Amino acid sequence: MNQNRGSTIIEIRDLWYTYPGRAETTLKGIDLKIKEGEFVLLTGPTGCGKSTLLKTLNGIIPHESEGIFSGSIKISGIETVDSGQMELSKKAGLVFQSPDDQIFSTTVEDEVAFGPENLCMEREEIDKKVDDALKMVGMSGHRLDSTNSLSGGQKQRVCIASMLAMMPEILAMDEPVSQMDPAGTQEILNTVRELNRKQNITILLVEHRIHEIAPFADRVVIMDSGKIILDQPASKAFENLEVFHRLGLRVPEPVELCHTLGIKASPFSAEETFPLLNTGNFKEKIGDYPASPGRKEKTSSPGWSSENNEPLVSVRDLWSGYDKSRMVLKGINLEIHRGERVAVMGTNGSGKSTLLLNLAAMLRPYKGNVKIFGEDTKTKNPYSFAGRIGFVFQNPDLMLFCDSTEEEAKFGPARLKLDNIEERAKISLEAMSILNLRKDLPQSLSRGQRLRTAVASILSIDPILVLLDEPTTGQDRVNIEQMMDYFKTRGSTLVFCTHDIEIAMLYATRILVMNEGQIIADGRGRDVIKDIDILRKASLTQPPVVEIASYLGIDAFSITELVDGLIHRNPEIRIAEGIKC
């Protein structure tokens, strides 16, 4: 916690805003004060207005928007409505939700130097600021790289560096680590916390991945339907779990576990949880540990048997990249069978997105071959797979060009001359919970809603093979589970890239782990998650509940399994009523 808090640096009063083309008001009477040096986590369901609120801090709204705006926003005592964006940008730096919306330079160096150059700094000072900023985000070795060659997580690092080079008083960050691997996320968050503590920079960070940000935050603010409904110190916020549950927000696993077991505490890590399990009567109830494993529960997504099942996708010795001198994939061998749900995980830049592009026939192998439905992608026109493969890019905006979400869902079926276009569009929009937005302009929606629009646009063609690149980005827990449940219920063949190991464990029948262009693990989630060496190589970490279960000597991979194991060991344990494990 930063002890150097000063006067109020952000003051928002009765803020209202409605986007052009939207019937519903996005921000509804927001009142918020943030003191200098605070680290504030802003969260809430997808589409509740978080990103819009951030855009008001540096004047993007209302100066670059034609929407309906009213209210007052003061940054360091300056009214944003009366100030130019150049002046505001010196005080409030904004890291966008999508790095592709922010990056416009051709090289990493030019992107990071742009801000200091516009502040008319000397060349020597600019070079030092670029060096320092890239070092802080772990991108020093990429200074001369093309921004187009970077992975999504690397682009996010560059966007953060471009703001750090200007050292603003306020750093407003919109899901800045959503495309980073877990190790990279912790690295960046540690850097941000150091800046908060040592430089007294005020941090306002929007994120759905509450479990990763909560340990760093002084304060938690929750929005819903354009309003602030909870504003409390981080140490107190999780005493109101019913609010998180009602809104479908993911609570840190240790907090959920302690609440389930009736322990009055809100630990954010496995390490903080261990001492709580050693206290008083609770230790007597769960017995001495480690002990013999508790009851072994079946996994949420059992392993897949490929016996007597011809592969839908067959990859042999695949070498692929965007430049012959720099291969991204190096000797990939892989089979995917009908009905499998395969999670692809690994470090940023390990080749996950490149693998998906090859499976979509959008890239052709430099060496080796990829066969989809038995057809070699080297000899087939990519358009021949249209209607059979549904692909959603990491950045959904690359796919959205129609004037409404309904038109997006109709576009594919219309081009393919399919029947029942209206019904197909309705079903796909309904499946993604955006039927109520069918007349809305996609560009006016939140990133999570835009991503679900992109998914709906491929569901309407009913593809045989579904490929999703980071489908959990910008999504709250309810929408993630609803999307993945849809594919699970339909028995879809699904390959999805993700850094979310909990979602991979819950929904994937199989997990591939990649590192430096190669598959280093391929198996059931339970088996992969136990291999600490593999996880370390891929910059992945075990979920806290798995660490806690191991500490207790129980073979469990979810809170439900862990609690069942504890009850099996000692039936006298009482579970808090009404808690959803």
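We number each residue from 1, going along the chain as drawn.
Each residue, glycine too, has its Cβ placed from N, Cα and C.
Marked as ATP 1 binding site by Swiss-Prot on the basis of sequence analysis: Gly44, Pro45, Thr46, Gly47, Cys48, Gly49, Lys50, Ser51. Every protein chain shown contributes to the tally, and the Cβ of Cys48 (ATP 1 binding site) ends up with 25 other Cβ atoms within 10 Å.
Feature annotation from Swiss-Prot assigns region 'Disordered' to 287-309.
Residues annotated as compositional bias 'Polar residues' in Swiss-Prot: 300-309.
Residues or ranges marked as domain 'ABC transporter 2' by Swiss-Prot on the basis of sequence analysis: 313-541.
Note on Thr347 (ATP 2 binding site): other Cβ atoms within 10 Å of its Cβ, all shown chains, come to 23. The feature ATP 2 binding site is assigned by Swiss-Prot to Gly346, Thr347, Asn348, Gly349, Ser350, Gly351, Lys352, Ser353, with sequence analysis given as support.
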Going by Cα-Cα distance, which of the binding-site residues (Thr347, Asn348, Gly349, Gly351) sits nearest to Gly49 (ATP 1 binding site)? Asn348
For the ATP 1 site (Gly44, Pro45, Thr46, Gly47, Cys48, Gly49, Lys50, Ser51), what does the 8 A shell look like? I mean other same-chain residues with CB within 8 A of the CB centroid. Met223, Asp224, Ser446, Gly448, Asp476
With the ATP 2 site defined by Gly346, Thr347, Asn348, Gly349, Ser350, Gly351, Lys352, Ser353, which remaining residues of that chain have Cβ atoms positioned within 8 Å of the Cβ centroid? Ser151, Asp181, Met514, Asn515
For the binding-site residues listed here (Thr46, Ser51, Asn348, Ser350, Ser353), tell me which residue's CB has the most neighbouring CB atoms inside 10 Å. Ser350
Work through the binding-site residues one by one (Gly346, Gly349) and point out the residue whose CB has the fewest other CB atoms within 10 angstroms. Gly349
Asn348 (ATP 2 binding site) and Gly44 (ATP 1 binding site), distance between Cα atoms, whole Å: 26
Which residues of the same chain, at least 6 positions away in sequence, have a Cβ lying under 8 Å from the Cβ of Gly47 (ATP 1 binding site)? Leu445, Ser446, Gly448, Gln449
Between Pro45 (ATP 1 binding site) and Ser350 (ATP 2 binding site): CA-CA distance (Å): 31
